[in-house]
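These notes are about the structure you will find just below.
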Amino acid sequence: MAFQGKKLINNPDDVVTEFIEGLVETYPGLQYLDGFPEVKVVIRADASGATYDKVAVISGGGSGHEPAHAGFVGEGMLTASICGDVFASPSVDSILAGIRAVTGPMGCLLIVMNYTGDRLNFGLAGEQARSEGYKIETVIVGDDCALPPLLGIAGRRGLAGTIFVNKIAGAAAAAGLSLADVAAEAKRASQMVGTMGVALSVCTLPGQVTSDRLGPGKMELGLGIHGEPGAAVADLQSVDVVVSHVLKQILSSETNYVPITRGNRVVLMINGLGATPVMELMIAAGKTVPKLQLEFGLAVERVYTGSFMTSLDMAGFSISIMKADQTLLQRLDAPTKAPHWPVGSAGNRPPAKIPVPLPPSRSTKSEESLSRPLQLSEQGRILEAAIEAAVNAVIVMRDSLNDWDSKVGDGDCGSTMYSGATAILDDMKKYYPLNDAAETVNEIGSSVRRAMGGTSGVLYNMFSKAAYARLKANSDSTVTAKQWAEAFEAAIDAVSKYGGASAGYRTLLDALIPALSVLKERLTAGDDSSTAFVLSSEAALAGAESTKDMQAQAGRSSYVSAAILATVPDPGAMAAAAWYRAAALAVKAKYEKASS
C-alpha cells in the first residue's frame, strides 16, 4: 500500500534551493548565483569568468543525487555545478548562467550524463554560449551496464562513473591543459568505466507518496537513479551473491561495455544510493576487491567507498569499475578541494552569493509589444480562446498524467505540464500581444522556458520558437489556416530534429504528426479551417491512444519493459492530444458563434 513519504523538509518546491544554501554555508570554498528559483548554480568561490585562466569544467543535472554534482565543485574538480529540480534537467538559462560565470579564455568543458533532457538542455546552452564567443566542448557519459544494448536513440544511462570523469577532467584542467586535451582525457575516461546498481527500495520524491512497486523480500537489479524500473526484480540475496552478479554483468565479454581484460589495472567505486549504511557499503567493498583480484585477474589500484551519486532515500548501492593507467591514476590522486571527493576543504568564507552574470547583449522589446492589447481583434479573440482552452485541458489532466508517468517514467509529466500551463495562463492576461499571432506564439515559448522543467519544457520551447519563426516570415497581419499549418509543421520538424524522435517512438509526436497529416489533407480538400482543425484533433487523440502498442525508443520510457508500456499510453502524447483537441473545439465554437 502506498503511503506519504517522510521527509525532513519545508516546502517540497524549495528543497533544491534550500540544499544549496546549506551547502555553501557548510563549505567556504563554494558560492551560488543569486538567481533563485530559476537559476540554481553552485560555483567555486575563487573562479571568475573574467579572470579564470584554466579550462572551466561544468557538470550537473537533476537534483536528488547529492552529493553529485554540487558537492564535487572545488579546485581540482568541477568549476561549477548546474542544479535542476528533483530528477529534472536544469534549464538552458541556468546552464548558460554557469558558463558565463566561470568560463575564461581557455574555454569550458561540459560533462553531461546521458539522459535526453540533459543532452538537449546542455546542448542548446553550449550552442548559445558558442554564439556568444565562448569555447565549448561537451563529453556525454553513459556508463550503465545493466541493460542489453538498446534500440532507438536513448543509449546507456549516465550513472556514478560520471564522478570519475569529473575528477579526471578537473585534474587535467588544473594542470593547465588546453580545452581539447581536457576534453580528450574526459572522453577517454568515459569510455573506460562501467556501472551497475542494485536497490532494496525505491526512492520517494519530496511531497509524494512512497511507491510500493518493490515488495518485501525483493531487490531490483539495474534500476535507474531516478527510480525507473530496472533490468530485473529478484529475491533478496546475500551481498556475496549480489556482488558476483554485478561484476559479471559489468565485465561481460558479450556486451563488451568496458575494455577490461585479465591483467588490467582498475579503480573501484562502491557508491551508496542514499539510504545505505556505511557498514553495508564497506561490506560490499570488502567482498568486491578480492573477487576482482582472484576471479577476474585484475589489479585493484584504488577503492572509493561512500555516497557519491545517490537517488534520494533509495536503499542500495552501485559498483563502478574503471580501467586505469598511470596518467589516470595521477589525475585521480591529484589534490582537490571538492568537499565530497574523499578529501576535506578549508579556507576563509567569502560572501555566500554573487549576482547572476548577464549575457554580453540582451535584446529588449518595448512595453507596448509585450502587453495585452486594450481591444482584441477577431483573430486575437479566437487565439485567446484557443490558448485558454488548451492550457485548461492540460491543467485538469495533471493527476492522470502523473499517474501514467509514474508507471513508465519518473512520475512528474503532469506536474511539469501543469507548471507550463499555469504560467501561460497567467502571462497571457498580462503580456501576450494577442492581436499579433507570431509574437504571441513567441511569448508562449518564453513562458514555457521560464516555468517548465525537464525534457518537455525544452521541447515545447523549441516547438513554440520554430512556429514563431515560420509565422514571422509571413508579412500579412492575419494568419491563414494554411499558414498555421505551415507553422505547425515547422514546429514538429524542430522537435523531431533536436529531440531525435519521430513517428512510432512513443512520444508527443505520435499525437502531433497524425494531426498535421489530417490538417493538411482536409485543408487541401477544401474543408473550412475550423472543421479541418477539429478533424485533425481526432487524429491526435487516436495517435496518442495508439502509443500503448509502441515500444519506446526515446526518453526514460525506453528503459521500461513492453509489458508495462502496454498498460498505459504515453503521457506526453496524451497531453499534446488534449491541448490540441481543446484548442480545436474552442476555435470551432468561436467561428460558429460569429456566423450565427
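Yeah, the Cβs are placed from backbone N, Cα and C, and that goes for glycine too.
For 11-341, the entry in TrEMBL reads domain 'DhaK'. Taken together, the residues in the domain 'DhaK' (11-341) have a mean pLDDT of 93 on the 0 to 100 scale.
As annotated by TrEMBL, substrate binding site applies to Gly62, Ser63, Gly64, His65, Asp118. Sequence-distant neighbours of Asp118 (substrate binding site) (same chain, 6+ apart, CB under 8 A from its CB) are Gly60, Gly61, Gly62, Ser89, Val112, Gly158.
According to TrEMBL, the active site, tele-hemiaminal-histidine intermediate annotation covers His226.
Residues or ranges marked as region 'Disordered' by TrEMBL: 339-375.
Residues annotated as domain 'DhaL' in TrEMBL: 381-585.
Around Gly64 (substrate binding site), the C-beta neighbours below 8 angstroms that are at least 6 residues distant in the chain are Val86, Phe87, Cys203, Leu205, His226, Thr310, Ser311, Leu312. The recorded positions His65, His226 differ in how many other CB atoms lie within 10 Å of their CB, and the one with the most is His65.
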